[in-house]
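K.L.:
Have a look at this one before I ask anything.
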Amino acid sequence: MRVSMDLELKDIPGQLLLALKPISDFKGNLISVVHHHEKKTPRGTIPVQVLFEVKPDHLDDLISDLEERGVRVVSMDEKRYLEHGAVILIGHIVHTDIQDTIDQIDNTGYAEVVDLNLSMPKINMPSSASLKIDAVSKKDLQAVVELLKSIAREKDLLVIEPIESQLRLMK
Amino acid sequence: MKTIRASVIGFGAVGQGVAKVLLEKNDYLRSIGIDIRIVAIADSRTAVIDGEGVDLSAVLASKKEKGVVGTEKISGTGIIKSVDHELVIETTPTNINDGGVGLVNMFAAFEKSMDVVTSNKGPLALKYVELFEAANISGSSLKFEASVGGAMPVINLACETLAGNKILSMEGIFNGTCNYILSRMVEEHASYEQMLAEAQELGIAEADPSYDVEGIDTASKLVIVANAVFGMNASYKDVTVTGITRITPEALLLANVDGYAIKLIGEVNDGKINVAPKLVPLVHPLAVGGTLNVFSVQTDISGPITITGRGAGSIETASAILSDIISLYKQ
């Protein structure tokens, strides 16, 4: 997941490296660092904003590590799902237990159905739905589309996914 | 001037297109040192043979008026076996079950050390490797640009024009009938059945449309691409195929709201050959409408290259046959 943090560092040499070390230790991928040396706080500390990706289960340890080093974590914003996908389903979507279809995706732990638009023209006619799925990473998004396709085979639904070149680019 | 004696085996839309294009381009062909002399033409019932050169205009008129090319009762295969010539232009209808008469004709031509230029997908999708083995043994050439994507240069673009590039993957729309039906379903918000009927009325879809709408046609073309461009040893059974018959107007509308079109996409990627309806962003170069075909190749040093054009039609397909003939015999 992607995490943005506002940190406060002591105004002595070596503090920035000290603050970034835990991110690297927990295999985080640093995206940006903004060091506001000119905006010293009334407490005499230097505010730093960092943006990085890290596995969700490493986050708590990473924060404790920072605090042990005397780096203050002022605020944090996390975004778990980085990838957004869209698929279309055609078939007897409701009658084949739509709740179960959604639950199977939500229960993966790495993806969730975040939007569903359903069109049911007539009783006994196949319905159509557009599904928006958020996933932790590109790999997880591909995995969840594969899962959806296997569910669809069981329930005799047609899954229409984006073209390959689009899947590679999709954000 | 090099005189090439040739036969046209199969005189449906494509065979007639070849005759028209040869008539129209005769002067040009001679200007580049190629004299194509058609010594025999066969349709499914009759044939015409003339060692001095068949009168193409007269045969086209006879086919139009009487429905036959001539009076001889010899089959296309018989012509290949008994009439002396160098080039067989094989334009019989595709048979995807056993390759049909086209496959027989191609092997017969190679036995006589003749070259073959064809638009016929079936034999290539079923027996690609065997055909090239037979051609190599007899020193013959086999060219088939017309079998994939009509006027679009698919095979020659990837194999010749982009020489030096590694082609990583290919995706595209290779069937104009499906593209027409799906495009019209969006425009009219009409059902698949209604727009299929319209396509049939306009002659865009066959009376038995299954070959197009079940994705069989696209799959056959992809097998040829997989073998010719990607060096795979694939046949039709290696393709996973889903057609367009289940697509609903509601699905097209929902996709449209999200910024997508639904197109029947064929792709060769990572050793896999797949035909299925896919979501194509409306702003993507593959999102072409009507009966157009389109494809994109992903290359290692040139990045993506996209070509769009008419994927079917008598003259368009004949143009691909003409380009194969020129590349074979141009000095």
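Backbone N, Cα and C define each Cβ position, glycine as well.
Keep in mind that TrEMBL annotations are predicted by a computer and have not been checked by a curator.
Checked TrEMBL, it gives:
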BINDING   B:GLY10, B:PHE11, B:GLY12, B:ALA13, B:VAL14, B:GLY15  NADP(+) binding site
DOMAIN    B:10-144  domain 'Aspartate/homoserine dehydrogenase NAD-binding'
BINDING   B:LYS121  NADPH binding site
DOMAIN    B:153-326  domain 'Homoserine dehydrogenase catalytic'
BINDING   B:GLU206  L-homoserine binding site
ACT_SITE  B:LYS221  active site, proton donor
K.L.:
I'd like to know which of the binding-site residues B:ALA13, B:VAL14 has the most other Cβ atoms within 10 Å of its Cβ.
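P.N.:
In terms of Cβ crowding, the pick is B:VAL14.
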K.L.:
What's the most sparsely packed of the binding-site residues B:GLY10, B:GLY12, B:GLY15, counting other C-beta atoms within 10 A?
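P.N.:
It is B:GLY12 that, of the binding-site residues B:GLY10, B:GLY12, B:GLY15, has the fewest other Cβ atoms within 10 Å.
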K.L.:
Where B:LYS121 (NADPH binding site) and B:LYS221 (active site, proton donor) are concerned, what is their Cα separation in Å, rounded?
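P.N.:
Between the alpha carbons of B:LYS121 (NADPH binding site) and B:LYS221 (active site, proton donor) there are 7 Å.
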K.L.:
Here's one to test understanding: among the binding-site residues B:GLY10, B:PHE11, B:ALA13, B:VAL14, whose C-alpha is closest in space to the C-alpha of B:LYS221 (active site, proton donor)?
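P.N.:
So, of the listed binding-site residues, the one sitting closest to B:LYS221 (active site, proton donor) is B:VAL14.
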K.L.:
Within 8 Å of the Cβ centroid of the NADP(+) site residues B:GLY10, B:PHE11, B:GLY12, B:ALA13, B:VAL14, B:GLY15, which other residues of the same chain have their Cβ?
P.N.:
B:VAL8, B:GLN16, B:GLY17, B:VAL18, B:ASP43, B:THR91, B:THR92, B:PRO93, B:SER314
K.L.:
Taking the Cβ of B:GLU206 (L-homoserine binding site) as reference, which residues of that chain separated by at least 6 in sequence fall under 8 Å from it?
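P.N.:
B:THR177, B:GLN200, B:ASP212 - these are the non-local Cβ neighbours of B:GLU206 (L-homoserine binding site), listed in sequence order.
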K.L.:
Taking 10 A as the limit, how many CB atoms besides its own sit near the CB of B:PHE11 (NADP(+) binding site)?
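P.N.:
If we count other Cβ atoms within 10 Å of B:PHE11 (NADP(+) binding site), we arrive at 28.
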K.L.:
Can you give the mean pLDDT for the domain 'Aspartate/homoserine dehydrogenase NAD-binding' (B:10-144), rounded to a whole number?
P.N.:
95
K.L.:
Once the chains shown are all counted, how many other Cβ atoms turn up within 10 Å of the Cβ of the residue listed as 'active site, proton donor'?
P.N.:
25
K.L.:
In which DSSP state, out of helix, strand and coil, do we find B:GLY12 (NADP(+) binding site)?
P.N.:
coil
